[in-house]
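Engineer: Okay, these came from Swiss-Prot:
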TRANSMEM  27-47  transmembrane segment
TRANSMEM  71-91  transmembrane segment
TRANSMEM  98-118  transmembrane segment
TRANSMEM  142-162  transmembrane segment
TRANSMEM  168-188  transmembrane segment
TRANSMEM  199-219  transmembrane segment
TRANSMEM  236-256  transmembrane segment
TRANSMEM  263-283  transmembrane segment
TRANSMEM  288-308  transmembrane segment
TRANSMEM  338-358  transmembrane segment
Amino acid sequence: MIVWLAELLSSQFTFLNVLTYLSVRTVMAVLTALAFSLFFGPKLIRFLQKFQIGQIVRQDGPESHFSKAGTPTMGGILILGAITFSSLLWARLDNSYVWIVLFTTLAFGAIGFMDDYLKVVRKHPDGLIARWKYFWQSVTALVLAVVLFLSATTPAELTFVMPFFKQYMPYLGLAFIPLVYFTVVGSSNAVNLTDGLDGLAIMPTVMVAAAFALIAYLTSHVNYAHYLYIPYIPKASELVVICGTIVGAGLGFLWFNTYPAQVFMGDVGSLALGALLGVIAVLVRQEILLVIMGGIFVVETLSVILQVGSYKMRKRRIFRMAPIHHHYEKKGWPEPRVIVRFWIITIVLVLIGLVTLKVR
């Protein structure tokens, strides 16, 4: 919206041209989303407290979590509001990627909202039944995959990129559709599983989004893309702004979500943010980098799969509790130690992921 106004008025006010620069819009997107979160955060927390929309704590969980019962949840509404508002304000709305990203984010957010609503407001212990949750996730992801496949204008948009290989970028064809499906649904549920401690999910999300901002910038510039042997996708430029909104909204939410948390994001936030990272990875053709940089999300998911599989087959548990962050709590680690160490691991993984762009 701002870009349109700036271009409309630039003939009379030339200084407005600065608002069309990608770098300026990205910084402003970060600051706008941050300000939105900080301004509306306290208001949302009071609203959630007033209507007793609070966290339900597992009785078999770590004892330190019992004090979290009743803490306002569904705070992901704040994150989605900040991302949507800032994106509509600072991104170029004639870029189809902007609308694809917002559709995916809000659709998965709606699924998470329904799950939270049933659990917290309607007091259904299991929330949205698992098969229905996966059904709607699958429908959304498949619609997204088909739209991206049919709207692709260059072969680069349907290639598969392998880190460490210069020339190995095979054309996927119809295989692109299941890749999109598993990336988006998998990422959504992985972030959801990680969101179990104060600030544990949001900060790695911010870090990965910041890295994807750089990757999207490089992908959208022909010289950088050719130099790094990555697909050249001009439309990816606006994903830099979108990633900026994630950083701003995430930091603003962390202000209230840091230990001890005043609010939790709930499924409305975690499912949406995971899907958002997934669709960005798909659009810049870097699904493998998402696995590397989001390694914490991957490990959390694998810990649940291994725990469930081991118990079903051997009647024995591998971890004291899954996801794995609860395992370390059960071992006696204080919650802040688990959180910060997982953050440190994410920083290392993000740096490794960025290095792979050059090491080929």
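Using the three backbone atoms N, Cα and C, a Cβ is placed for every residue, glycine included.
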Engineer: Do the transmembrane segment (338-358) and the transmembrane segment (27-47) share at least 3 Cβ pairs closer than 8 Å, excluding pairs fewer than 6 residues apart in sequence?
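Structural biologist: No, the stretches stay apart by this measure.
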Engineer: Can you say which of 98-118, 168-188, 236-256 has the most Cβ pairs under 8 Å with the transmembrane segment (288-308)?
Structural biologist: 168-188
Engineer: The transmembrane segment (27-47): which same-chain residues, six or more beyond its ends, come within Cβ distance under 8 Å?
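Structural biologist: Apart from its flanks, the transmembrane segment (27-47) reaches 2, 19, 72, 75, 77-79, 81-83, 85-87, 89-91, 241-242, 244-249, 251-253, 255-256, 262-263.
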Engineer: Determine which residues of the chain contact the transmembrane segment (168-188) at the Cβ level, with the cut-off under 8 Å and only residues 6 or more beyond its ends counted.
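Structural biologist: For the transmembrane segment (168-188), the sequence-distant neighbours (Cβ-Cβ under 8 Å, at least 6 residues beyond its ends) are 104, 108, 134, 137-138, 140-142, 144-146, 148-149, 155, 158-162, 229, 231, 270-272, 274-275, 277-279, 281-282, 287, 290, 294, 297, 301.
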Engineer: So if I exclude everything within five residues of the ends of the transmembrane segment (71-91), which remaining residues of that chain have a CB under 8 angstroms from its CBs? That is, six or more out.
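Structural biologist: 1-3, 25-26, 28-29, 32-34, 36-37, 40-41, 44-45, 48-49, 53-55, 98, 101-102, 105-106, 109, 112-113, 116-117, 120, 202, 238, 241-242, 244-246, 248-250, 252-253, 256-257, 261-270, 272-273, 276.
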